[in-house]
Amino acid sequence: MKLTCVVIVAVLFLTAWTFVTAVPHSSNALENLYLKAHHEMNNPEASELNKRCYDGGTSCDSGIQCCSGWCIFVCF
């Protein structure tokens, strides 16, 4: 019973600590996200959504080309 209470208190503390330390960066993160989206609108070739990848069963040279990221001569 005591161990359960200690675990619950520890989880609550760590959750609260995560929120407390994340607050100063949240506005900055939204600003960076907006700037990135604006840059992608001006330069569509830089968008992550335009990157092509191969489906499973397609021959490949590296894992970067595969949608799954796994390549051993064939995408998995």
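All residue numbers here begin at 1 and follow the chain in the order shown.
Every residue gets a Cβ built from N, Cα and C, even glycine.
Model, not experiment: these values are computed from the prediction.
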Selected from C60, C67: Swiss-Prot disulphide partner of C53:
C67
Among C5, C66, which cysteine is annotated in Swiss-Prot as forming a disulphide with C75?
C66
